Amino acid sequence: MNGTSKMMDFLEEPLPGVGTYEDFNTIDWVREKSRDRDRHREITSRSKESTWALIHSVSDAFSGWLLMLFIGLLAGSLAGLIDISAHWMTDLKEGVCLAGFWFNHEHCCWKSNTTFTDRDKCPEWKSWSQLIIGHGEGAFAYILNYLMYVIWALLFSLLAVLLVKGFAPYACGSGIPEIKTILSGFIIRGYLGKWTLIIKTITLVLAVSSGLSLGKEGPLVHVACCCGNILCHLFTKYRKNEAKRREVLSAAAAAGVSVAFGAPIGGVLFSLEEVSYYFPLKTLWRSFFAALVAAFTLRSINPFGNSRLVLFYVEFHMPWHLLELVPFVLLGIFGGLWGAFFIRSNIAWCRRRKTTKLGKYPVLEVFVVTAITAILAFPNEYTRMSTSELISELFNDCGILDSSKLCEYVNDFNSTKGDDLPDRAAGPGVYTAMWQLALALIMKVFITIFTFGMKVPSGLFIPSMAVGAIAGRLLGVAMEQLAFYHHDWVIFSGWCSQGADCITPGLYAMVGAAACLGGVTRMTVSLVVIMFELTGGLEYIVPLMAAAMTSKWMADAIGREGIYDAHIRLNGYPFLEAKEEFSHKTLAMDVMRPRRNDPPLTVITQDSMTVEDVETIINETTYSGYPVVVSRESQRLVGFVLRRDLIISIENARKKQDGIVSTSIIYFTDHSPPLPPSFPSMLKLRSILDLSPFTVTDQTPMEIVVDIFRKLGLRQCLVTHNGKLLGIITKKDVLKHIAQLANQDPDSILFN
């Protein structure tokens, strides 16, 4: 029997595992898209053969929309469950409802006969002091309520960190930096798995209820992406193709923002602007569909929530004036400064956490931060209430029926028309509220630095908005009082006469919230749209745009990275930022490996290496793949083969193909090489060979190479000279090169 008769193409039928990726590796976007095109062409051609094949073709085309429906339903349902549970457990720190312990404070008092001003003091709701000692007045009652508040906060946060540490370490943090990295093609197995989803859902409720300076909005994006990843397994089209799965995850991220803010359009724009790496037009429409389904599902699941379709609905009675753009821009400057300060401080703290013993004690860190937060928060009513309630109150435009201290002005009802109130002199309640808000601002600014990044689910949207809303309300009241006492000044005389309703402090709070959120995240268009959908204030888009752009410019002047990009770099994820420009004059030969004095490039020849030779290369190296050349002498490039595919193919060949031994020749050509009849069976592995690996010449400018890596999503690129293989550039090499040119530590890029 000669060698030709013994040859066998072992991979005529695909093997399980071939074409998949190992953990902490980058997918091959070009190959994944090519595989999907081949699959689609095959389905289309078969659809003409039979009715069943036509039905299969139609169902394949419709499966994407069906998957979006499932994602929207599941994400909206989980968000509703989280919302209801968090409201109840937040109020549990202060008391319990006698009519039903499962009611939160607001729902408990719905059927009460108390007056409007005393609506929060219904007999059905009892504080812990009333429940334990029978009354809620006096120093002892205050201390008891204080103590119960701190105990519940510690219990919730400790339970959250223990669940994360014990069952799902990936459930901590915001999740958006990792989502951005995964959407760029990186594999982090388990990050979007079922255990992460279950634990993140539970611990998110606990973390928010503990009163820590964090929000649930960022983690809801992670929750929605977990839903998308899990539901992808229902459809072969998405289960077996990593690039198609990332299209689904982009839509899931939009659904996550939609349920977080009730902002479907803003969710789609957020996914497009902030997290997505590959976003074709069909993904845009599917994302919007998923976001809409998620938003309406949330509304159906949580019928006890705000009856309006927006989270912080505002109804300001007066339009803004052109001259008010000056304080709005000042709020933008404040937001940019706060964003840059927060990012630098938080990254420094997180780096200290990772490099010192502090990182070994996450439970102790959560305990200490929660204790400090609860002790400082309880005496101040604006830090004791949930952050969402605080923002809602700060956005509020004072009316006649408002009983908040922020609305305790010296009354002048003679000039009142309907619900409109003119600018008035601030009463004692307003001044008290200003001092409390100033203290709340200081606390929020600093405590959020230490909270974000702890080993519990922690979002940054709402805390950032709270900082900006407080600063905006303070500035708004200051402007209001300035206009009241000095209406004859030049800046006010043209549009703000005595007794007129011309300054709206709630608008300043809204603009400040947008400014601080923009300063931290560097969002622009999506931020403005989210704020519009949050508040329903379409006529205030120009002030929001002015503040958002000013905030971004100011923050970018200090540091180019947003908080999520900074955490990506801190964690060493291989993420190639598409927004940054590469302006250095280096060439591909300056970055490729091997470098000078390095060992020669590890290659596999197309038809002259044995199974043992290839296995030796695999065991002695850790590379993700190997170039295949004609011979060691010519170094002419034939293709590229992945390490994982080689291992799986050889293992299966040894088990299932007769005659495959260590001395068997592996060949990647169509025809087997001529060998003596006494040679053992040969193994043909042409099916796993990438015959069109992306190549550049050694003189290609790195500016072009970086652009190629970004736009095509490459994991590696081969460098040639006159067709001869010289070296290889991986995504990690590109990132290390960029880090070196920016005077950063290139070894901070941790993963392959």
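Heads up, the Cβ atoms here are built off N, Cα and C, so glycines get one too.
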Looking at 195-214, 515-534, 535-554, which stretch does TrEMBL describe as transmembrane segment?
195-214
Reported mean pLDDT - the domain 'CBS' (682-748):
89
For the transmembrane segment (62-82) and the transmembrane segment (322-341), does the number of C-beta pairs under 8 Å, pairs 6 or more apart in sequence, reach 3 or more?
no
For the domain 'CBS' (592-656), DSSP counts of helix, strand and coil?
24 helix, 17 strand, 24 coil
Which listed range (139-161, 195-214, 361-378) shows the maximal number of Cβ pairs under 8 Å with respect to the transmembrane segment (433-454)?
361-378
What are the DSSP helix/strand/coil residue counts across the domain 'CBS' (682-748)?
28 helix, 20 strand, 19 coil
At a C-beta cut-off of under 8 Å, are there same-chain residues at least 6 beyond the transmembrane segment (361-378) that contact it? List them, or none.
145-146, 149-150, 153-154, 157-158, 160-162, 165, 210-213, 353, 384, 443, 447, 450-451, 454-456
